[in-house]
């Protein structure tokens, strides 16, 4: 069989440039994640970020140990390093790629336990995370080294012939080994990731609803009772010209009797003035209505209601009592103003209901946006993993059956270009992981900015 020819000048430059950018992104991205966790105390002190750190180490090894030699082989279109180097390179490839995939499962489990178990964050000690990491790396090592144990007979007979004669470096094509390795390194983790993130989304959705219901229950209730409202001088209604006494009127919702009941209101408030109109508001106001009898005895009844008036969309009501009295307004105007004040609580209640409905709509839209953002994040994580690794592992599972059925050392009807693209899609996942698993974290984004600013500062010196 004739050896394949290397790529031409221009195709080689184009493909080489593309692969160089991919390798550079893989190395720099994962190195930035590692530095951020090592330098930033806030990140270093959180055990959950140890998983991200170990994932970045695995992906950095892909960028430093696997992809450079893979790029050279792609450009040369053949393996030129011999059997021993091929064996070592393939073993390291399986080790770091399997470890990277299993880290994604561990991160998904950590997130799921954090949401569904209120005690997990308290029990998430460094020792527990280190145990998870130990299992990941040891299991990955066993998968990668399994073909090297001769007593297992997991290395196919055509391995040496492929490397020496056909210049193709492939992992063992033994059917038993490929079924075992692809299942444990991809198919089972893929199913686990999909199920875990689906459960995470369901748990997050329930949590969003509980938070929304809790906020709804915590809101103030406005009813027909009148409220002792602590008012300011702007709300004092002084009868200076038409009456010898001075009365203060505040909105009440009780029924008006035959007497003019003075309403006494006092407490500090926040005065707000806008467009020449003044009104009073506070975050938590108690409005008391006192109703004395004709003999000026103590109040017969006091009604109390708490409401979050400051958060309501209250229309401005302008009271210019002092000015009206000074201008000699007649008693009809005075009675009309009093009636407006008496009816004010009903108006206030209507506004409160409208405000509560408006806030409820806003809260629902906020919850919808949060839920949509969570779905988008999980879709990006699972979608990227699926798109990058599925083609490679489907081909990996198909190839050994093809080779054993034909009795040859390679599957001739698989186009070499397709095989190379599928390989590099898997390596691409290692370049995307540092982006996917950190870009949604504000802590990582701030750490990246500080590191890049320091690097830029020292580069200018």
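Quick reminder: no glycine exception, Cβ is built from N, Cα and C everywhere.
Going by TrEMBL, these are the annotated features:
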{"type": "COMPBIAS", "residues": "250-291", "note": "compositional bias 'Polar residues'"}
{"type": "DOMAIN", "residues": "29-437", "note": "domain 'G-protein coupled receptors family 1 profile'"}
{"type": "REGION", "residues": "250-303", "note": "region 'Disordered'"}
{"type": "TRANSMEM", "residues": "12-37", "note": "transmembrane segment"}
{"type": "TRANSMEM", "residues": "49-68", "note": "transmembrane segment"}
{"type": "TRANSMEM", "residues": "88-109", "note": "transmembrane segment"}
{"type": "TRANSMEM", "residues": "129-149", "note": "transmembrane segment"}
{"type": "TRANSMEM", "residues": "175-200", "note": "transmembrane segment"}
{"type": "TRANSMEM", "residues": "378-401", "note": "transmembrane segment"}
{"type": "TRANSMEM", "residues": "421-444", "note": "transmembrane segment"}
Verify whether three or more Cβ pairs under 8 angstroms connect the transmembrane segment (12-37) with the transmembrane segment (88-109), leaving out any pair fewer than 6 apart in sequence. no
Do the transmembrane segment (421-444) and the transmembrane segment (12-37) share at least 3 Cβ pairs closer than 8 Å, excluding pairs fewer than 6 residues apart in sequence? yes
Give me the stretch from 12-37, 49-68, 129-149, 378-401 with the greatest number of Cβ pairs under 8 Å to the transmembrane segment (175-200). 378-401
For the transmembrane segment (12-37), could you work out the same-chain residues 6 or more beyond its ends whose Cβ comes under 8 Å from its Cβ atoms? 6, 43-44, 49, 52-53, 56-57, 59-60, 62-64, 67-68, 71, 74-75, 424, 427-428, 430-431, 433-435, 438, 444, 447-448, 451
Folded-back contacts onto the transmembrane segment (49-68), same chain, C-beta under 8 angstroms, at least six residues removed: 19, 22-23, 26-27, 29-31, 33-34, 37, 43, 89, 92-93, 96-97, 99-100, 103-104, 106-107, 110, 126, 129-130, 132-133, 136-137, 427, 430-431, 433-434, 437-438
Grab the same-chain neighbours of the transmembrane segment (378-401) for me: Cβ-Cβ under 8 Å, and only residues 6 or more beyond its ends, written as numbers and ranges. 101, 104, 156, 170-171, 173-175, 178-179, 182, 185-187, 190, 193-194, 197, 200-201, 411, 414, 418-419, 421-423, 425-426, 428-429, 432, 436-437
Roughly where does the domain 'G-protein coupled receptors family 1 profile' (29-437) sit in mean pLDDT, to the nearest integer? 74
